[in-house]
Amino acid sequence: MSGCTGCGVCVGECGFLKLYGSPRDIARSYDPDDPKKNVVCFECSLCGLCSAVCPTGVKPQALFLEMRREAVDRGFGSFREHRGLLGYERTGTSRRFSWYGLPEGCTTIFFPGCALPGTRPGVTVAVYERLKEVFPDLGLLFNAPKPSSGPVTYVNRLRLKSRFKRIVPAVTTRERTVPGGGSGMLRPLLFLGVMIAAIVLVRASGAGQYLEPERLRALFSGFGIVAPLVYIAIYTVAPTLMLPGLPLSMAGATVFGPVWGVVYTIIGATLGACAAFLIARYAARDWVERQLVGSRWNKLDSETAQNGWKAVAFTRLIPLFPFNLLNFAFGLTKISFPQYAVATFIFMLPGTIAFITFSSSLLGLLKGKVSREFFIGIVLIVAVSLIPRLAKWYRRI
Ligand code: SF4
Ligand code: SF4
């Protein structure tokens, strides 16, 4: 750390430095690949007292902040304790809860912050109206990066957002493109709720007699080779039209069963991923580039340049990106098409097997019948969902 003489003045003032030594000592012993060294910087509170007392004007907190960024980039800095906070933050800054509106000639923007819109929506609007009298071209930046407690604050923000959309005479508007919304538990709970409702409905209506997997399979087997070909063809086209593959996979699992369902689905999904890749690379580069704004897409580009097929493998095993956009995004990177296609096929296979096995049991489940495929599917889904944790653990050791 240049400028630090190791005089120890700051060490005398700071409990953190007393524990680990002067900023110069910490900088000298720092090893970006050592997880133990990476977590040290998170114990500094970044209060800045050290720089206030430093006789040579060094700013150690800047060093510790930089070390934190480095640790996060290397996957060391995402702590279990932060999960709730990050979930709140993701929700607060998601598309659903954000809105930016700029009127013609806007030079001043009102940012109501986090707590005010959530707890006092009426006051927020009143402040906006008052400011607008002083700045007629007042714009609005509405999102709440910090968490605020209680569901009411989220309801308030949603209502406030639609109110602002009506009263701000914006010519340019935008919602935040950071993906998010929810702490991660919302989707599984919704899925569970829908499943329970469907089971109750099927049982109450007596529709179960029409939902025999064997009956359905017998019906489609009458179409011979045509049925799988049609299924694969639809699956090939779906990703390029940005259609979700989930319902399609469930239908495939039900009609073709766990074994042939996997075979046809992995073929279709790989062909679909390849079609999107080729479209992005050779036909619609500009359009795809416009869809991929944000640092994580830039990171994907550099990761792919550095690690080639391993980047494809990683993103197929760990669903960090929306599947359809990811296929297009790889078309813009420098990876070769054969490498991409082979890695996609191989590393999508575990998730496909797990999901199709589970989905093939859903018809039985709707009728209240819990099959062997259901348990195998659950075990496989849990195993696949543990892959991100294993990957993180592997990167730490
Ligand atoms: S940061 Fe400043 S006060 Fe602290 S050890 Fe270095 S030179 Fe001394
Ligand atoms: S910024 Fe960090 S190192 Fe500096 S005094 Fe505060 S806690 Fe200590």
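Glycine is no exception: its Cβ is also placed from the backbone N, Cα and C atoms.
Note: TrEMBL annotation is automatic and uncurated.
If you check TrEMBL, you get these features:
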DOMAIN    35-64  domain '4Fe-4S ferredoxin-type'
TRANSMEM  185-204  transmembrane segment
TRANSMEM  216-238  transmembrane segment
TRANSMEM  258-280  transmembrane segment
TRANSMEM  340-362  transmembrane segment
TRANSMEM  374-391  transmembrane segment
Requested in this report: Would you mind listing the long-range same-chain contacts of the transmembrane segment (340-362), meaning Cβ under 8 Å and 6+ residues beyond its ends?
Outcome: 213, 249-250, 252-254, 257-258, 261-262, 265-266, 269-270, 273-274, 277, 309-310, 312-313, 316-317, 319, 330, 370-371, 373-374, 376-378, 380-381, 383-384, 387
Query raised in the report: Counting only residues 6+ away from its ends, which parts of the chain sit with a Cβ under 8 Å from the transmembrane segment (258-280)?
Result: 228, 231-240, 245, 248-249, 252, 288, 324, 327-332, 337, 340-341, 344-345, 348-349, 352-353, 356-357, 359-360, 373
Query raised in the report: Hey, which bits of the same chain come close to the transmembrane segment (374-391), Cβ under 8 Å, at least six residues off its ends?
Result: 314, 317-318, 350-351, 353-355, 357-361, 364-365
Report summary line: The predicted model's mean pLDDT over the domain '4Fe-4S ferredoxin-type' (35-64) is 89
Report task. Please spell out the DSSP helix, strand and coil residue counts for the domain '4Fe-4S ferredoxin-type' (35-64). Result -> 19 helix, 0 strand, 11 coil
